[in-house]
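As recorded in Swiss-Prot:
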DISULFID  Cys111-Cys167  disulfide bond
DOMAIN    91-183  domain 'Ig-like C1-type'
REGION    89-182  region 'Alpha-2'
REGION    183-195  region 'Connecting peptide'
TOPO_DOM  222-233  topological domain 'Cytoplasmic'
TRANSMEM  196-221  transmembrane segment
Amino acid sequence: EDDIEADHVGVYGTTVYQSPGDIGQFTHEFDGDEWFYVDLDKKETVWMLPEFGQLTSFDPQGGLQNIAVVKHNLEILTKRSNFTPAANEAPQATVFPKSPVLLGQPNTLICFVDNIFPPVINITWLRNSKSVTDGVYETSFLVNRDHSFHKLSYLTFIPSDDDIYDCKVEHWGLEEPVLKHWEPEIPAPMSELTETVVCALGLSVGLVGIVVGTIFIIQGLRSGGTSRHPGPL
């Protein structure tokens, strides 16, 4: 089947429900980014950015009704079919900063977890091997073309050369939790020998510049002096 090419793609009303666990979600996406989801516990619409909610609105009851229908259908299919549970896939995680890292400047770490199936996962942040909960936000499960899912977890932080970070991923498809490590890359300080060589090169280049400049000045003066003698009439 050929892929459909389009400038923009909206995925409206993605409804997921699975059992056991009574886990579900209702989301809207635009160009692969989450637009909003319906909080099933609070029964309210949660916008990815508050500004989105100022431009339009969505009645959370629509999402809750979809979840109820999917739950009902799943229960019927489970009772009437000799089903085989789907295989668990091993998710893949990558950690990277949102912006170029400058020590002491606020930034955001992003943990991108792909190939999630089924859509049940724990993503936690560790700083110096200790759990971090402040400044953490994660998206809902976003659908891939192959019907697996991906999810992003964000951690706001201030880079320091004393801190190291890990994104911890736990999933049924993993034999053990996976840790994706990240720490700021600090340029190594120059050694005394390197500093001496750099200074010597700089001094040499400066001396060469002075000599070359002096030569040009002398040649210019000679050329100017010659041009002042009048030729024969």
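Just so you know, glycine gets a Cβ as well, placed from its N, Cα and C.
Per DSSP, the secondary structure of the region 'Alpha-2' (89-182) breaks down as 0 helix, 52 strand, 42 coil.
If you take every residue in the domain 'Ig-like C1-type' (91-183) and average the pLDDT, you get 94.
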